[in-house]
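Copied over from TrEMBL, here are the features:
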- H322, D324, H378: Fe cation binding site (BINDING)
- 209-224: compositional bias 'Basic and acidic residues' (COMPBIAS)
- 303-423: domain 'Fe2OG dioxygenase' (DOMAIN)
- 172-232: region 'Disordered' (REGION)
Amino acid sequence: METLQPPAHLKSRRQKEMWKRQLLQNVKERQKAQESQTPFRIAERSLQSKVVTPDRPPVVDFTNLENNPPEVRAKIIRVELSHDLREICPLFGRTDGDWSKRRTVAYIHSDIEGLIFIPNPFTESAQRQLIYNCLQKYTQAPNSSSLDAHYDVPAEGVWNLYTKSQRLSSNEDDSQLLIRRKSRSNNGQKITESADPYDAPSTSGQRTKSVDKDPKNEDMKSELSSHNTSELMHPSELIRKLRWVSLGYQYNWSEKTYFFDRPIPVPEEAAKLSIAIAKAVEGIGYRQGDGFRWQNNFKGDNYAPEAGIVNYYQLKDTLMAHVDRSELNMEAPLISMSLGHKCIYLIGEQTRDTKPHAILLQSGDVMAMTGASRSAFHGVPKILDDGPSFLQPGTIDENIPDWDVYGEYVSKARINLNIRQVNVSSSST
């Protein structure tokens, strides 16, 4: 094995000895860090690495079962939903063909207690409509977003300003669409981009540019001369910085609790979808012998969608291991819907000290976290550069005439909509 040599610019013996000692110290610290890592963190790092390592967990594919190795396939169990999703909620779409077979099918994994996986029950047009809602409707006030701590975002939201800017010709003035950056401190405390109630996607390190360097805005320099243009941001510069939007009960991320004195209804479409899923997964469990090893006994009719979050992932974003435990009700299912690019999802148990399972999530896939999985550590270590063609720009959708602007965004992103019940009801179970 080749021995590392000191850099050429180190001339004296003393400098070379110091370099060797520092190198040895770095190696020891790296080894110590690796030894102290939890199994969950090891799995995260192995899935993020370009090199396949022995400790990388197999990725469960619930959609294409033949893609799983035999030992994984043996643990995947097909179950029937309690209700036909299309019959109880038209928002999943109304077409026949192969899609119609999926509206009653779900899967569980014998080693993942409480997790119920529904492979894409949405039609293509229903997915596009849900993406439209997540970008156009849910980014508006009174819903708060990750941008609010840093920018004076108007009530109509950054997405609507962005779409307005896209409709303007290159010589039209869009100075009225600019968004001002807030002070970089909040009562003397620094605000970070990742300040987030649900440990939402970390930033991808995208760099911003000042408005006066954007060619489209050259003509407005004189009109903005009274302002510091570096503090004015164009919506096109901010749209990829959006990390999350909070729905329903708004979240106080500094206190890790909800603002219970500010009740806001969860958007109607998201509420109807989550209620339908909660009803469909009622009674599902893992049978063993004459009974159940585990079973979701939460009654779907009692499910109350009270809060949620839309996570917006760019291709380099990640979501570190965490547990959603700020809700008073931990018995009701947490409903999660994936849109756009595929990702690798990790779910473990109640601590990071158990080896997690990796799951491939594709556009349209739904998960219901019930029972033990509701309090399990989970995260998204990797977004895959692989999205469906029916979401790309150029797709014709008669319900969304300007789909191209949505398709362009989601061609480089993943969106996750998740809904949860917050309060405990006397008729919860």
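Glycine is treated like the rest: Cβ placed from N, Cα and C.
Using a 10 Å Cβ-Cβ cutoff, H378 (Fe cation binding site) registers 23 neighbours. Each of the binding-site residues H322, D324 was ranked by the number of other C-beta atoms within 10 Å, and first place falls to D324. DSSP places the residues of the domain 'Fe2OG dioxygenase' (303-423) in helix, strand and coil in these numbers: 16 helix, 47 strand, 58 coil. The predicted model assigns the domain 'Fe2OG dioxygenase' (303-423) a mean pLDDT of 96.
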